[in-house]
Amino acid sequence: MSLEDSLRSLSLDYLNLLINGQAFSDVTFSVEGRLVHAHRCILAARSLFFRKFFCGPDPPPPSGNLDSPGGPRVNSPRPGGVIPVNSVGYEVFLLMLQFLYSGQVSIVPQKHEPRPNCGERACWHTHCTSAVDLALDTLAAARYFGVEQLALLTQKQLASMVEKASIEDVMKVLLASRKQDMHQLWTTCSHLVAKSGLPPEVLAKHLPIDIVAKIEELRLKSTLARRSLIPHHHHHHHHHGHHDMGAAADLEDQKIRRMRRALDSSDVELVKLMVMGEGLNLDEALALPYAVENCSREVVKALLELGAADVNYPSGPSGKTPLHIAAEMVSPDMVAVLLDHHADPNVRTVDGVTPLDILRTLTSDFLFKGAVPGLTHIEPNKLRLCLELVQSAALVMSREEGNANANSSNNNNAPCSAATPIYPPMNEDHNSSSSNANLNLDSRLVYLNLGAAQMSGDDDSSHGSHREAMNQAMYHHHHSHDY
């Protein structure tokens, strides 16, 4: 067993203590009228807040309270007493405990489940108002209870969410980031609000006046930076540069909105006219990622055939390409049409993730967890087909690179050309053999087990109840697909 497997097993063992409720529990919390059983030693070891709360020098009173205004109480409740928690909700408290017990947590609601503040049916809750609210509440709880690792994880999640969230939600995160001195998140959100084009009088209805002033300052700096790249031949034009650039930015925003409406109505000809007549840049407008996520295969194909969009253009802070997005959607049609137009299956995001990595992770989760609520959107046959398509494309590219390298070697060493194989021997190139072995293993794994994993949930009586407990609403997995 590898070190990673050992740590994962240890994490699950501790998490099972929390899931099993009263087993070996020596402390009970009351959150929103519901009891949560936990273990003092684990909480004290993982959180300075709980360490002070449970191990204070004063005699324990009949009951404790985690919500004292001066910070963590040093008074500990007597064994058997119920500790009321009023500062956070039940779901957020369980998410925090899950992180304290296992070191892992997914700070998003389960996909497709009904949520407050989200009226969209079948929403994936990756960047909707409900998902943003849950992340903000989790961040506040992590800061309140001094769980800094969870706070950092939540900040990273929010930074990913706001790229696709509504401008109202971005402003909520902006306020929270200033209140809690989260400078990187502040920078991300302030630039998004600045680029939104909302006039100051509208921003002032949602934000304090000093923040509105900072947003306007950002806009001015951005305008000046763009002006510095453009030669000015007339003093009059220079004098009115700020106004002209602001108008140009508004015009670009209008173009993007028109483009999206055209794509929504499958009017690719209008998009073509905008490219040819108005100079619309499809890559900067994120036309292809938008079409992959919101339009039909035919629209995506027609857009690619215009020849004006880079199929491998990285978009958003994560650097995901359209193929990454199609892989997360588990859409064989989209994956196929992108690969047909030379999408690169080996391209990596900023975090080093390839489309093949995404599909492998989904396959692993599906096989391990079965068709739990968080994975119900995945159809085994579609996942298998997506994996096969991307694997095949990766293998073809690997062989083409091998041919190119072999030909280059032959040209440089003509006398040795007869002894140079077209493909390097598998045992001489560890990386190549590892990659091909992984492809073959993935293929066999999907063929043999993917369909069975979905059907065997009811038959596996020895592990069924345990797996069901492991996949309660507060223990779910997330694959974000922002761009």
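Residue numbering: from 1, along the chain as shown.
Glycine too: its Cβ is placed from the backbone N, Cα and C atoms.
Annotation source Swiss-Prot lists domain 'BTB' at 25-109. Annotated zinc finger per Swiss-Prot: 115-129, in sequence order. Annotation comment: Swiss-Prot describes CYS118, CYS123, HIS125, CYS128 as Zn(2+) binding site. The repeat 'ANK 1' annotation in Swiss-Prot covers 254-283 and is backed by sequence analysis. What Swiss-Prot records for 284-313 is repeat 'ANK 2', and it gives sequence analysis as the kind of evidence. If you look up Swiss-Prot, you'll see 318-347 marked as repeat 'ANK 3', on the strength of sequence analysis. What Swiss-Prot lists as repeat 'ANK 4' is 351-385. Annotated region 'Disordered' per Swiss-Prot: 401-437, in sequence order. The compositional bias 'Low complexity' feature in Swiss-Prot is assigned to 403-419.
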Local confidence of the prediction over the domain 'BTB' (25-109), expressed as mean pLDDT: 77
The repeat 'ANK 2' (284-313): DSSP-derived helix, strand, coil residue counts: 17 helix, 0 strand, 13 coil
CYS118 (Zn(2+) binding site) CB neighbourhood, other CB atoms within 10 A: 17
Residues of the repeat 'ANK 1' (254-283) by DSSP state, where helix covers H, G and I: 22 helix, 0 strand, 8 coil
CYS128 (Zn(2+) binding site): tally of other CB atoms within 10 A of its CB: 23
Cβ neighbour count (within 10 Å, all chains shown) around CYS123 (Zn(2+) binding site): 19
